[in-house]
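The following features are taken from TrEMBL:
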type	residues	note
BINDING	Asp13, Ser14, Tyr45, Gly46, Asn78, Thr79, Thr189, His190	substrate binding site
ACT_SITE	Cys77	active site, proton donor/acceptor
ACT_SITE	Cys188	active site, proton donor/acceptor
Amino acid sequence: MSHKRFAKILVFDSGVGGLSILQSVRQQFPDCTLFYGSDNAAFPYGTKAEAELIERVDDVLHQLQKTTQADIIIIACNTASTVALPRIRGRFSQPVIGVVPAIKPAAKISQTKTIGLLATPGTVKRDYTEKLIKEFATHCHIIRVGSNELVHLVEKKLRGETIDPSQLKPIVYPFTECLDIDTIVLACTHFPLLKQELQQTLPAITYWVDSGEAIARRTGYWLDQLKLRPLDMTEQSCDLMKNSGPVSSVAFFTRQDKNLAALKTTLQQLSIPNIAILNK
């Protein structure tokens, strides 16, 4: 299979939670160009009405795609994926990958078949989530916890602020009331970025399940379909990288605010050296 050129991948979220997905994709495909799009002007998506959210995601993604010309689009937001994915897939010619709660793998891996679902309140209550539970986890006991506060804590952490694990205890308290729970689904892309603090707060949990690896695998599938899978690092591919390397990665935001400067260090650690404001 020939390597036509370096693939360009757009990862999109309302805040910075989608960086957990970008990190997984970056680890698997380090020589692809990754663009990050954050609709911070409308953050958080979890509080928006569905009709409003669909229109907003459609509008911002079209502007991002016009700017980036990405080969693959990843909606790295459970809320946007469960609400807007059918509309977006019908409006774009590029493959669009969505993120949904990882209930199926959690139901397989759990030994006690007692699972915690940690998501935003909207995702916890959404019909799509209930459909996944009925399809893949009817044999499991699901304990649901919805929190917008965790989303804001992640945003603070990535700006360099210290998060005290004690702040998490009242949020995840329902999980501590059940002695049989051994698995928690992190059903918001923000939450893997607080995994260390969550593990300290809930040390008895054996399995923490999120969508990062699954999205990376799906990205690999589309790279193959588009014949954009990177070559092994042979002498030939090294020369190709030297002569026509990937475009520098950029993080796009829909609003300029004081928090962007504090995010620079985090973005640079993810090999995203540039920040730009999306012209809408």
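Using the three backbone atoms N, Cα and C, a Cβ is placed for every residue, glycine included.
Automated prediction, rather than curation, is the source of TrEMBL annotations.
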Rounded distance in angstrom between the Cα atoms of Asp13 (substrate binding site) and Cys188 (active site, proton donor/acceptor): 11
Recorded positions (Ser14, Cys188), the one with most neighbouring Cβ atoms at 10 Å: Cys188
Euclidean distance between Cα atoms of Ser14 (substrate binding site) and Cys77 (active site, proton donor/acceptor), Å: 7
Cα-Cα distance linking Cys188 (active site, proton donor/acceptor) and Ser14 (substrate binding site), given in Å to the nearest integer: 12
Environment of Asp13, Ser14, Tyr45, Gly46, Asn78, Thr79, Thr189, His190, the listed substrate site - residues of the same chain whose CB lies within 8 A of the CB centroid: Gly15, Gly17, Gly18, Pro44, Ala76, Cys77, Ala80, Thr120, Val151, Cys188
Nonlocal residues around Tyr45 (substrate binding site), in sequence order (Cβ under 8 Å, 6 or more apart): Ser14, Asp39, Leu53, Arg56, Val57, Cys77, Thr79, Ala80
Max pairwise CA distance, angstrom, over record-listed substrate binders Asp13, Ser14, Tyr45, Gly46, Asn78, Thr79, Thr189, His190: 12
Rounded to the nearest Å - Cα separation of Cys188 (active site, proton donor/acceptor) and Gly46 (substrate binding site): 10
All-chain count of other Cβ atoms within 10 Å of Asp13 (substrate binding site): 30
Listed in sequence order, residues with CB under 8 A of Asn78 (substrate binding site) and six or more positions away: Val99, Val100, Pro101, Ala119, Thr120, Thr123, Ala187, Cys188, Thr189, Ser211
Position of peak Cβ density within 10 Å, selected from the binding-site residues Thr79, Thr189: Thr189
